[in-house]
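Copied over from TrEMBL:
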- 656-666: compositional bias 'Basic and acidic residues' (COMPBIAS)
- 43-308: domain 'Protein kinase' (DOMAIN)
- 393-459: domain 'PASTA' (DOMAIN)
- 460-524: domain 'PASTA' (DOMAIN)
- 525-591: domain 'PASTA' (DOMAIN)
- 592-651: domain 'PASTA' (DOMAIN)
- 312-336: region 'Disordered' (REGION)
- 634-666: region 'Disordered' (REGION)
- 369-390: transmembrane segment (TRANSMEM)
């Protein structure tokens, strides 16, 4: 690429677009004017090692300390920006303070004739990308062993308040002894900080295959974004491939935002479930569900590593996997577009045009203006297409919490989205009962027009204030609790001499306390006390026994042929019933056999009198003395039904009296 510019060929618009979209590989064979030069009277540049979208890396000799260093020289377009340079210097100072055995150290920073550079530790060896390409996927124990020093380095950065923002195998170096070191801390943070201040520079940095969803959709990155990228890298070590692939960076970025990372065991059967879980937790699309930083991710990973029988070498050495040295001792961009750090910046167009500086001077001012104009238009179109693919074509989910179902449906319809109501309601402290409590996706989530938002209706807060139910009938208390959303109700009964059976004596929780609707409320209910059995007792004895228990007694008399007079035949309520003080108990007391009035049968014909008495339930004995009419009978008045009545008949009985009572004579 660079040689084509220096040869005087005008760059085509497609080439300009490519420069703006991504970093291309540096031609290691191309002559470089800095090779052989000395910067800051100290660093003698010996060879060009690698290049990228932000800087070119050289192997240099530190004349002052007599050691080899990796010298990273910023591109001219970035070095001419005072704001970027200031922030770059600040970040270089911060990284220089980050002393950790698994971090490539920054020794020095300086400027020489407009060239801003960093002097860093030179690590002869290979990148993790080189090792992965050469040998393929790692075993679970080996993959975790590589990640331990990587996460240790990231953890140190996170504790220092720094975020790497471009974690990938290309930025992990493995020296000749197998030691693992992480490089390029802080640079992504510099560019994003600059972007916030310079609206003219639309700069986004990151590697598509490792970008977190929040970096893509919200341009936000924190320690959890590094955790996400580390999770992607662990997936790649375990499977030998990346979880999201596509023809271009836009396709891959779309998958990061909209698709979950699958378990590695789906690709390589036999990977332990706990290793799957490490990857899935680190690559949660919602950053709130990931480990908060690399240190916490490392703690979980190390525990699994130990459980699998792994061990670590000194200073994070890859035990048994020390790679041989290669000619490149610093990370290079991989061959794939998806593995390169993407820098989309309109200023890069100017940088590309300046690459043919001799031709430009010969051609005079404005010679490349048409090419720049076309390239800019193509780039704007490309950026617009990228924005549309990633963000623009999506509808933002409105905040539906608190709306009724009808209101939510209308609101979603205005955004071209559909509504689906989940079968189960959920607890909510914010939404009233039957209002929208939550939605999936949540507010500000993105969906394509026509897609569905699933909402859950509220069943009110999970904890409610316990109403006062003491002293109420248990059925009334149950109704009151259910009206307050409490449906799990248990009852316990106990003897009470004071409260009516079925009355609530106490509740747990007590009135005014918070009741968890997922836990049962216990009501203690009065069973009164058991009524004793007084049937068969003498009336006075029974009355005394009941009144001693605070009960009222009501007595009714009832004839009985079987129960002696004055003895209790029945009681109501019956034996064992639950009662309380003050309840009236009705006793039915025998009045003995039934008493029947004997009519005056004097003068009646004997047969008529006998028939009448027998109809009344008496037995009749007749005494005749040559007579046919009753002259005398006994007893008179009332007598027990079934008792004997004797009658006498003499010749002198009867007369008008007899006819009046018994009818006509024969």
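Note: Cβ is positioned from N, Cα and C throughout, glycine not excepted.
Nobody curates TrEMBL annotations by hand; they come from automatic prediction.
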- Query: When DSSP states are grouped into helix, strand and coil, how many residues of the domain 'PASTA' (592-651) land in each?
  - Reply: 10 helix, 28 strand, 22 coil
- For the domain 'PASTA' (460-524), what does DSSP give as the number of helix, strand and coil residues? 10 helix, 23 strand, 32 coil
- Item | Tally of residues which DSSP labels helix, strand or coil - the domain 'PASTA' (525-591) | 9 helix, 27 strand, 31 coil
- Query: Counting each residue once, how many in the domain 'PASTA' (393-459) are helix, strand and coil under DSSP?
  - Reply: 10 helix, 21 strand, 36 coil
